[in-house]
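So that you can see what the record holds, here are the features copied from Swiss-Prot:
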BINDING   37, 38, 39, 40, 41, 42, 43, 44  ATP binding site
DOMAIN    5-248  domain 'ABC transporter'
């Protein structure tokens, strides 16, 4: 099997606090892979190791390997900026740039990184990304408006479009529906099912129900340890570990 991300003996510390403990994990290429577990189990920390965003925290220390399509992204000769071009990130709170128009929110990464050669190419890429994020039809007549008037779900899809415009190979999502209403959540979950045909999506979720709805594979983390990993249906219908069973049935919060 072709793996998009592999961790080898991954350990993460915040100061003296050991938050990810000896995790070996393989994330297949393409599809939705959910990291699930209760609050404080290390899900978001692990996600941030996959694009080296963890290094923005001065107290963080990473040991072991994280391989992106076979390459250890923590090797000394690897530029974290180049890693983040390949690995997009969507955060829990919809965070479009409020001072930029809808158009410029999508275009900014392309401009800053010189990824397009003409205004025509930029227009095409912005339209493509907004269509990929299932937002084009809702905003095509107001691209010069600011995102403040968009709903929470629309703002999050705008952020997804901003990430997709860079044409990443992997998309990391840290509880992307946690602060969005049920209608917006349903649209984003539907979008994930479409995007997984072309991307590897790693989704952090506190909701076993959401993982069951959208994930092809799931990993259950508890207190920084990888308890169980496998195809979503198997983990939910026939978990091997008692802790996993308690979590997916709601007995462990």
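Each Cβ is built from the backbone N, Cα and C atoms, and glycine gets one as well.
Look at the Cβ of each of the binding-site residues 40, 42, 44 and count the other Cβ atoms within 10 Å; the largest number goes with 42. Secondary structure from DSSP puts residue 38 (ATP binding site) in coil.
The Cβ centroid of 37, 38, 39, 40, 41, 42, 43, 44 marks the ATP site; residues of that chain outside this set whose Cβ lies within 8 Å of it are 206, 221, 222, given in sequence order.
Here the binding-site residues are 37, 38, and the one ringed by the most other CB atoms within 10 angstroms is 37. On the 0 to 100 pLDDT scale, the domain 'ABC transporter' (5-248) averages 95 in this prediction. With all protein chains in the displayed structure included, the most crowded Cβ environment within 10 Å among the binding-site residues 39, 41 is that of 41. Taking the Cβ of residue 43 (ATP binding site) as reference, residues of its chain lying under 8 Å away and at least six apart in sequence are, in sequence order, 35, 36, 37, 204, 206, 221.
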